[in-house]
Amino acid sequence: MKSYNICVIKGDGIGPEIADEAIKVLDSVSAKFNFELNYEYYLMGGAAIDVFGEPLPDETLNGARKSDAVLFGAIGGEKWDNLPRHLRPESGLLKLRKSLNAYANLRPAMIYDELINASTLKAEVIKGVDILVVRELTGGLYFGQPREKLEDRAYNTMTYTVSEIERIAKIAFEAAMKRRKKVCMVDKANVLETSQLWREVTAKVAQNYPDVTLEYMYVDNAAMQLVRYPTGFDVILTENLFGDILSDEASMVCGSIGLLPSASMGGDVGIYEPIHGSAPDIAGQGIANPIAMILSAAMMLRYALGENEAANCIENAIKAVLKDGYRTKDIAKFDAVEICTTSEIGSIISDYIKKQ
Ligand code: NAD
């Protein structure tokens, strides 16, 4: 029997609640498709600060490095917000991404027909939305040096090299070749030199993909077009900060931030995590939507383990559960047959997998 080692980092806030549901679903699907998942659990973020005094202990990083994949919940919370920057939960996550060279963050945003009424946008605007945000994850403003907060001013540095842009652009074009063959590069080239470099490098990469249409869009316009005409987008290629913001916006086009998964790849080990944070405002209430986390587990099966059938099975079970009217609170509108807790919807998805 095939066997895989999964580094599980549940994190803070709703992280443990949604990670438990992803594991429940993974257990069903691995039993069905006859492979074994060995979970090793590690602390990170606030949970690690409380125990080890740092957000990414060596033990966790080493555990991630020797695994086949990292399944990640979410980190952060008010309790740790006033620590110095290098000790904050978010610094641990940035270090994990950098250390694993997870520079390519794929964030699919598609609307389930069953949830067409869960969005705050009109059904005719969002029907058929199927976007892939390809976000550069280990460069730009989040990592650039120098950076400092002084008494009377603060500064950050946005920096990108040609090779950093080239490798993420290739990922976007490769993805577009398997989709509708359109790449929209989002930047701020009318103001930023880094964006001008992105345009030059992306145009060169595009020459190797003559079947793909490349267009450029300023990020302010892209933010507006995403709610005006979201079906106009196929692959969005963009840098770290813009991708962070635009993918949250895309999530609401699809109904809830609790629906969008992600895969962060590039090095030997990838990180699979929902796009949302630790949602402290709803933690411990049993109302978090675990679907983004469960879909991230499906991406892990597909991209890290090559278990495509199992990944498809999870995605089909989620569609079937939504079709039958089961909803968590965030996506419950008039069409919900039953409003479920985090744990209930995880169990229902898991049962559908067993039945399929
Ligand atoms: P957030 O994504 O945690 O929450 C934003 C809003 O979306 C909240 O109202 C929350 O209740 C809701 N929400 C998020 N996930 C949901 C889910 N699965 N189901 C239902 N509703 C959901 O963003 P925030 O409030 O800005 O940040 C909270 C903490 O998370 C901060 O400490 C932040 O730094 C951290 N954060 C972590 C990550 C990560 O771990 N990758 C990403 C973003 C933010």
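Note that Cβ sites are derived from N, Cα and C of the backbone, with glycine treated the same way.
Since this is a predicted model, take the numbers as computed values, not measurements.
TrEMBL annotations:
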BINDING   77-90, 277-289  NAD(+) binding site
BINDING   Arg97, Arg107, Arg135, Asp220  substrate binding site
BINDING   Asp220, Asp244, Asp248  Mg(2+) binding site
SITE      Tyr142  site 'Important for catalysis'
SITE      Lys188  site 'Important for catalysis'
*Given the binding-site residues Arg107, Arg135, Asp244, state which is nearest to Gly77 (NAD(+) binding site) when distance is taken between Cα atoms.*
Asp244
*Under a three-state reduction of DSSP output, how is Pro89 (NAD(+) binding site) classified: helix, strand, or coil?*
helix
*Structural state of Arg107 (substrate binding site), classified by DSSP into three states*: strand
*Among the binding-site residues Arg85, Pro89, Arg135, report those whose Cα falls within 10 Å of that of Asp244 (Mg(2+) binding site); none is a fine answer.*
Arg135
*Distance, Asp81 (NAD(+) binding site) to Lys188 (site 'Important for catalysis') (CA atoms, angstrom)*: 30
*asked:* Based on a Cβ-to-ligand 1 distance below 6 Å, what subset of the binding-site residues Arg85, Arg97, Arg107, Asp220, Asp244, Ile287 would you report?
replied: none
_Neighbour tally for Gly77 (NAD(+) binding site), based on other Cβ positions within 10 Å of its Cβ_ = 20
*May I ask which of the binding-site residues Arg97, Arg107, Arg135, Asp220 is closest to Asp81 (NAD(+) binding site) if we compare their C-alpha atoms?*
Arg97
*Proximal but sequence-remote residues of the same chain as Ile287 (NAD(+) binding site) (Cβ under 8 Å, at least 6 apart)*: Thr328, Lys329, Asp330, Thr341, Thr342
*For Asp220 (substrate binding site): intrachain residues, at least 6 apart, with Cβ closer than 8 Å*: Lys188
*Counting other Cβ atoms within 10 Å, pick out the least crowded of the binding-site residues Ala279, Ala283.*
Ala283
*In which DSSP state, out of helix, strand and coil, do we find Asp81 (NAD(+) binding site)?*
coil
*Out of these binding-site residues, Asp81, Asp244, Asp248, which one has the fewest other C-beta atoms within 10 Å of its own C-beta?*
Asp81
_Shortest C-alpha distance to Asp248 (Mg(2+) binding site) - which of the recorded positions Arg85, Arg107, Tyr142, Ala279_ = Arg107
*asked:* If you count, for each of the recorded positions Pro89, Arg97, Lys188, the other Cβ atoms lying within 10 Å of its Cβ, which residue has the minimum?
replied: Lys188
